[in-house]
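Here is the structure we will look at, set down as structure tokens.
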Amino acid sequence: DSQWLSITFSKAIFLGNGLVAIVSGLFANLLADNLGFGPVAPFDAAACFLAIGMAIIMSSWSENYGDPSESKDLMSQFKVAAKAIASDEKIALLGAIQSLFEGSMYTFVFLWTPALSPNEEDIPHGFIFATFMLSSMLGSSIAARLLARKLKVEGYMQIVFTISAFTLFLPVVTNILVPTSSVKGGSISFGGTLQLLGFCTFEACVGIFWPSIMKMRSQYIPEEARSTIMNFFRIPLNLFVCVVLYNVNAFPITVMFGMCSIFLFMAAILQRRLMVVSDLHKSSTKAQEMVDEDEPLNP
């Protein structure tokens, strides 16, 4: 049932990603700043938790080999995915939307730290990360309410993508309008505070994005090829992130944020196109059903 899918997705983002990430951020801040173990301590702690998780999985999980009769080689799976994408514009649009948003989101992950501390300001990274995750939880809670009201996902996601584009364009605006200080160190600047508010808004949009995109996946992408199709779109996504990280020192950080903002505006435009195509498909399907019902009545 699509309604249960929406509720499950929202709770998974709220409890799984949000709550655990907030506790992790606060714990990382405790290790690095309060206890004075340094910036590497959170990574050491993460390795310990990963080892615990691996031990639990190895001792309690059984391997899921799937149905041997349906096993296909990698090339066959990608051929099926490519055929599905080429034959259905809705799948192509949805994949492009997700790639554009995720590409901007993953680029943001590497850019927010230098954006908030351009002059090596002393900022509480763990606490800020926890604040981001709290904003993401708020977004997933909003998404749950939107999906419960049965609002059209394709409609409100246009607004979400547009807001996201404006929030990641904020560093460009603050760099132009707010004078930057040449003093090294200190606390977060006024421009950094404005950007932090914008970044929290972006994370709230991320919280709305995940359950909403999962709902659209269940609507437009066939289940038997869903994972392969989404992996197909992750190929250019991963290439884009790698190119950005490789050239991160070649361009000013404002150029990177401006590029992410453009991608998010493109996602909003493609989301509008997806809604139009979906409505046309539903209208044509309904008209065809009416014709099929009337045919037996004709002499």
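Here the Cβ of each residue, glycine as well, is placed from N, Cα and C on the backbone.
Just so you know, TrEMBL annotations are computer predictions that nobody has curated.
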Range annotated as transmembrane segment in TrEMBL, from 159-178, 279-298:
159-178
In TrEMBL, which of the ranges 190-210, 253-273 has the transmembrane segment annotation?
190-210
Using Cβ atoms and a strict cutoff of less than 8 Å, what residues sit near the transmembrane segment (159-178) while being 6 or more residues removed from its termini?
97, 101, 104, 108, 115, 189-191, 194-195, 198-199, 201-202, 205-206, 208-209, 212, 253-254, 257-258, 260-262, 264-265, 267-268, 271
Recorded stretch, among 91-115, 127-147, 190-210, maximising Cβ pairs under 8 Å relative to the transmembrane segment (231-247):
91-115
